[in-house]
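Chemist: Copied straight from TrEMBL:
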type     : residues  : note
COMPBIAS : A:1-11    : compositional bias 'Basic and acidic residues'
REGION   : A:1-23    : region 'Disordered'
TRANSMEM : A:40-60   : transmembrane segment
TRANSMEM : A:66-90   : transmembrane segment
TRANSMEM : A:97-118  : transmembrane segment
TRANSMEM : A:124-143 : transmembrane segment
TRANSMEM : A:150-167 : transmembrane segment
TRANSMEM : A:187-212 : transmembrane segment
TRANSMEM : A:245-268 : transmembrane segment
TRANSMEM : A:288-310 : transmembrane segment
TRANSMEM : A:322-341 : transmembrane segment
Amino acid sequence: MSKTMEPDLHEPSTAIPRPQKEWKHPSDQWLRGFILDNRASLGTLGVFIVMMAVFMIANPTVFTTWYLYSSVLTTLPVALFVVVPLVFVVTCGEIDLSFPATMGFASWVFALVVQAGYDPFLGIAAALVTGILLGFLVGSLVVYGGLSSLIATLGMNFLLRGLIQIINEGKSMALTNLADSWAYKIFSSQVYGIPVQIFWAVAFVVLSAMLYNRHRFGAQVRVVGDNPDSAQQMGIDVKRVRVKVFVFVGIGAAIAGTFSVMINFTWWPTAGDGYLLPVLASVFVGGTPTWGGIGTVVGGAIGAVTVSFIQTGVVAAGLSGFYVQFFNGLIIILSLLGHKWNQARYR
Amino acid sequence: MAERIIELRDISKSYGQVYALGGVNLSVDRGEVVGLIGDNGAGKSTLIKILSGVVKPTSGEILIRGKAVTGWSAARSREAGIETVFQDRALAVQQTIVRNIFMGRELTGFLGWLKVNKEIEEASRLMREIGFTSKVFTPQSIVGQLSGGERQGVAIARAIYKQAELIILDEPTTALSLTETAKVFHFVRQVRASGRSILFIGHNIHHVFDIADRFVMLDRGKVALTADRSEVKSAEDLINFMEDVAHPGGLAGLHDTGDAERAVR
């Protein structure tokens, strides 16, 4: 039961005359409404701007060169494709730690198809199917098996990665013929010096944000994460919604894995492994709370930008690489404190 | 005779070895208010869960407008025009009023995209309809910011959208103030006047007596009494009967009636 149901003894309603005409709901003024609705993602944006300002003051020359941004814009999209679906998973009250292995597995299928001489588009399609199947497998295991998603997906991550290692015996795959393909031009080249991946990633973020806020899928994900019992009582197929978010992660991981292979022209059996912690950090730095029911896709994307600039920024600012972890931690803690102050949790 | 909205025939439900319901028959006709009463553990909650489709009965038949149904579920129950206002209100408190009203029944257009403006319009219309208006919140306010009575309003607004044929109110007056209780009673009479039906579950026998046309009393998973309004003279009659059923030997030697009455108030 909530506290609000008890009579409020501190504010007797008769004693305070209510303003009748002048009073306006905060959301009536569009700017205040916008800020109230997007306070989590705006907070993340604030953190990002402050961090970049500090970096620029520390080393103005490096932070005004395009090369720095170009390199971030090449690798950032890979993270964005998994951060965004993870916002859905966390909103739904679950977690998925198996996406690095799904990235590796799907991109392995992509590499196999390309190496066998087929068109890379066919490889992308095969990778997507692999991602969907693995997402469905992981989701079904968690939902229908009634397992804790934290532990079960961690187990699946090891299991799938182990399979990749056993079969490939640690050997990588070079895909030299990729550079001439249409798929490479469309998904991995540059337009006026800007890495084209970022356009695809931004499109993915925008579509996902709409899916989250203005689609039945997003609405049901939020309700299920908020109160699964009520969602079930109102006729929502809670289990199905939960499996769907894992499938969505599978799709995102497949795209991310394929993009990372196209950047490097090489598939490694460890593909995707390094993304586990930065991606998770991005989701929470972005302002999606751990308890489920609410979240922000755009905030998650800004969180991913923040996290990928930390590494580049610390080194470029002239500090040794040893500082990277320290600053990663600092930004995560500061962001969480900021969001804690910025968000109210309703029960 | 009025049309029969729903009929339960010989419904049983057991959780393992424990029988929550053992062969219950219950029906609700169009335009009547049925009061369901019974002690804690009598099987009221299980019966509501079966009606709303959340729980499937172990055995027995459910008939909707005279036709037996198969594959009973929460979604099917709502499709059949049965809406439930649960005791805990079943709201997602971090979501907006709109999202709660359209929970599980989102207004969607092309490819499942939400008709956001239509939803907001309908939500504010519903809120006006049940006299649930305030300048302090809009359809896009978060439910967690509302008071208990206002949350009840959201749950009721959700139930009356789509012109439900039968509305189940599970302990709707528990934890409400007097004015809020009066609002609920007003709502019940409004629904009956519009020719729809209500199943009113209450701990407070006086509340149930005031509002219902017919009483059904559950005791240990079985229907102990079915009585029309005309057959019961006062709420005290019901209370006395309830005690007789619960303690066939009689309570007279243990308590005076005042105690017993206070206990159910």
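Backbone N, Cα and C atoms are what each Cβ position is placed from, and that goes for glycine too.
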Chemist: Per the definition of 3+ C-beta pairs under 8 A with sequence separation of 6 or more, do the transmembrane segment (A:187-212) and the transmembrane segment (A:66-90) touch?
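Modeler: These two segments touch.
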Chemist: Given a Cβ distance threshold of under 8 angstroms, which distant residues of the chain, six or more beyond its ends, lie next to the transmembrane segment (A:97-118)?
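Modeler: For the transmembrane segment (A:97-118), the far contacts come to 82, 85-86, 124, 126-128, 130-131, 134-135, 138, 150, 153-154, 156-161, 163-164, 168, 173, 175, 177-178, 249-250, 252-254, 256-258, 260-261, 267, 269-276, 279-280.
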Chemist: Can we call the transmembrane segment (A:288-310) and the transmembrane segment (A:40-60) in contact, meaning three or more C-beta pairs below 8 angstroms at a sequence separation of 6+?
Modeler: yes
Chemist: Return the stretch with the most CB pairs under 8 A relative to the transmembrane segment (A:322-341), choosing among A:40-60, A:66-90, A:150-167, A:245-268.
Modeler: A:40-60
Chemist: Among A:40-60, A:66-90, A:150-167, which stretch has the most Cβ pairs under 8 Å to the transmembrane segment (A:245-268)?
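Modeler: Result: A:66-90.
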